[in-house]
């Protein structure tokens, strides 16, 4: 409804009040601080990077520790738990926790240390299990794997590709040797196309045997151990048991702190708040005794903040005029209904100061069109009930999420309204269920449309969609005209707004009584005889003004006429814009048709017990998918109608969002005491 008026405020105060003033401004959350214009060589800035880094490090440690407590002691979750809600904390409780911060930081570090130990133990267990698995083929070996023989003998353990019998291996290893052959080959295991073996030989044939082993593809173990495999495996098993006991102890240490989880999160927000304060502190110019601040404050807060700063902190506060190259930040103020679409508007771009805030009108059209596109009473009721329950149960949700949920709550009501207007409740589910399971044989539908059924008369609905589109577009053009009148641009209003209204209304009045339009609309328009002449007057008068005045910035009349003619050709863009509203028909029909198909498929199995079970399964799955897909479609296309068609007629974004110096709490909301 309005863009909040901003005042530029300049503050000068003594450094002894610096901490209190910054905390006051941060708790108020009403000042966007800028210090880039306060450049004086005699003023210095503090280096707060080290302190800020410490605060953020502590905040991360506390947050991680709280996350570990939740992981090791999971809470029972409800269906609404996926909506993260801030907890309300009294200022006194917050201060008590902050006073004991070192204790809780120590607890957090102990939790993180225990988690680190758990991870190290798990890594050790994994290594031990891998070792045991790798030792399985060598378990028959009763001597250490590091054994290499005696003074007169050589000993080898290793693998050869392929599952080879022992006799064949012996022949391959002793090839080229003369009897008696001082070689012993023992196959320890075979599997996975690998033979595991040990070889003992006299050193006088070692060279020949090594050559034979290489020829056979012999390879030493990739992860050899020094001891006897069975003993090494037993040691690994003992280590696994010890590591698992240690893991259990460390988990107990962590769980012991579970009741502190909420306080850890409170302190995490405390440190983030301090980090934000120190970020600002590092940008503030200050002398030996005073410091300076300036920034933007909503006009409604100026008096209160000024009185407190001057009365309690003896600061010097002045309001200033903005510099020519400065732009005030944008803060919107709307009613409870309209502010629900502020997030959608912000995704496109906020309005600049001096321009129109389109939120109120946009919210009406947005909810109206969304309902037309989804247009099923049951779907709308489901959406509104879910959003309503979440909003009622979770009153401290993040503001952006609250607005989004409220938007879908209102869109759900609109969807239910249009569903009853069209006679759609899970499509034709009421009639299908009545006929399939209760023997209903009536020819008329049980749930009759309050208006008409779109599937029975789609062209009629198309005409209404285009009518609603024209109203939407004309509203956008009217807003542009209002801006021109407000800026006293009478010539621009007549040339660019009034002329187009005349031209377009004249064309519409000429089109309505034609046989072509009447055949499409399925109705006749009987205008009085003078209406045709009036329509011609509007058309040609509007066309003449556009032709002559569109290029009014140019003195060359030939160029003005050419530009005017080109502008008149722009009527085709109006036609394409109006046709864009056919999506209201297309998406509305899609929702109803898919819902009816789901009901038809579910009813194909008859009315018995088996048919009832199958109907329920198909019904739930089909309508869930239909709701989700068409909900997304309605959201996307509602945005498109606002961003492209509506905003294209008048809206210029470019406003910078108001970003006040405030507490950036993720987990809590503090109940502040009023400063007096």
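Using N, Cα and C of the backbone, Cβ positions are placed for all residues, glycine too.
Bear in mind that TrEMBL entries carry predicted annotations, made automatically and left uncurated.
Keep in mind the model is a prediction, meaning the values are calculated, not measured.
Note on TrEMBL: of 557-575, 652-670, the range annotated with the feature transmembrane segment is 557-575. Among the recorded stretches 407-425, 461-479, 491-512, the one sharing the largest number of Cβ pairs closer than 8 Å with the transmembrane segment (581-601) is 461-479. Residues 337, 340-341, 343-344, 366-368, 370-372, 374-385, 387-388, 391, 445, 447-454, 588, 591-592, 595, 634 of the same chain sit 6 or more residues outside the transmembrane segment (407-425) yet have a Cβ under 8 Å from a Cβ within it. Mean pLDDT across the coiled coil (233-260) comes to 95 in this model. Across the candidate stretches 364-391, 491-512, 532-550, 613-636, the maximum count of CB pairs under 8 A to the transmembrane segment (557-575) is reached by 532-550. It is 364-391 that, among the stretches 364-391, 461-479, 532-550, forms the most Cβ pairs under 8 Å with the transmembrane segment (613-636). Same-chain residues lying 6+ beyond the ends of the transmembrane segment (491-512) with a Cβ under 8 Å from its Cβ atoms: 470, 474, 477-478, 480-481, 484-485, 525, 527, 531-532, 534-543, 545-546, 549-550, 552, 568, 571, 574.
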